[in-house]
Amino acid sequence: MSRKKTPKSKGGSEPATSTLPAAAAATNGPRLAHPRTVRPGPEAPPNGPPQSIRPSLGSTGDFYDVAFKVMLVGDSGVGKTCLLVRFKDGAFLAGTFISTVGIDFRNKVLDVDGMKVKLQIWDTAGQERFRSVTHAYYRDAHALLLLYDITNKDSFDNIQAWLTEIQEYAQQDVVLMLLGNKVDSTQDRVVKREDGEKLAKEYGLPFMETSARTGLNVDLAFTAIAKELKQRSAKAPSEPRFRLHDYVKREGRGVSCCRL
């Protein structure tokens, strides 16, 4: 089979409504007003799923039916790279390592309900000096996984600023999920699970806690995203609608021992 690019889509089925914060009001940092609901327009954005579903061959030799771009965003040090390596390679980057410079990506093909779904996962730098670089990649993203570190209160407090940035640069119907990472660090936890749940509910986001070290909920997070994107690309309107929030609540594994 010859190599070919996946064609662009003209639209997906019933894109979900995302609730995002209003723009930052102060120059001293992002202080949000009441969140506002952003509803997608009648036409799908240019980053939509493929128009037709025909097997394609990726650069690694893996065949896939449909491909999507997923971005990992959040402060530096929240574990974006470790989460990606755990999902892609089933390994954990132990010890110290150099933070991501700019942006990097890896591919993985999943079997989702009989369809080969390729996720092109972009790992972004969280440092402020690289923001102008990552902004350019938001526009083409189909999904965003927004991470904070449960042992770092600042990374949690900055989630609202990240949501403001997403509102400005990403597509209106981008799939969003909030992840509280490093849940294995029980003794160092400073952000309660309930706080993450409350914030996610405020902005209408699916939420779960993850651990790149143990693998807790890592595969589930990416699988849930793949299922949602696959559903949007489906041609048959009669197909039962996949509900991302319900799937995450049903399949997610809690860590009650880590609650404060």
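Any Cβ shown, glycine's included, is placed from N, Cα and C.
These numbers come from a predicted model, not from an experiment.
Taken straight from Swiss-Prot:
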- 1-56: region 'Disordered' (REGION)
- 76-82, 99-100, GLY126, 181-182, ASP184, 212-213: GTP binding site (BINDING)
- THR81, THR100, ASP123: Mg(2+) binding site (BINDING)
- 90-105: motif 'Switch 1' (MOTIF)
- 123-140: motif 'Switch 2' (MOTIF)
- CYS257: S-geranylgeranyl cysteine (LIPID)
- CYS258: S-geranylgeranyl cysteine (LIPID)
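Taking each of the binding-site residues SER76, THR81, ASN181 in turn and counting other Cβ atoms within 10 Å of its Cβ gives the largest count for ASN181.
For the binding-site residues shown (LYS80, ARG213), fewest C-beta neighbours within 10 angstroms: ARG213.
For ASP184 (GTP binding site), other Cβ atoms within 10 Å of its Cβ number 20. Cα spacing between SER76 (GTP binding site) and ASP123 (Mg(2+) binding site): 11 Å, rounded to the nearest whole number. Checking each of the binding-site residues (VAL78, LYS80, ASN181, ARG213) against ASP123 (Mg(2+) binding site), the C-alpha distance stays within 10 Å for LYS80. In terms of local Cβ density within 10 Å, VAL78 ranks first among the binding-site residues VAL78, CYS82.
Confidence annotation: the motif 'Switch 2' (123-140) carries a mean pLDDT of 72 in the model. Mapped onto three states, the DSSP output places ASP123 (Mg(2+) binding site) in strand. In the structure as shown, the Cβ atom of ASP123 (Mg(2+) binding site) sits within 10 Å of 19 other Cβ atoms. CYS82 (GTP binding site) falls within a helix when secondary structure is assigned with DSSP. THR81 (Mg(2+) binding site) and ASN181 (GTP binding site) are 12 Å apart (CA-CA, integer value).
The DSSP secondary structure for ASN181 (GTP binding site) is strand.
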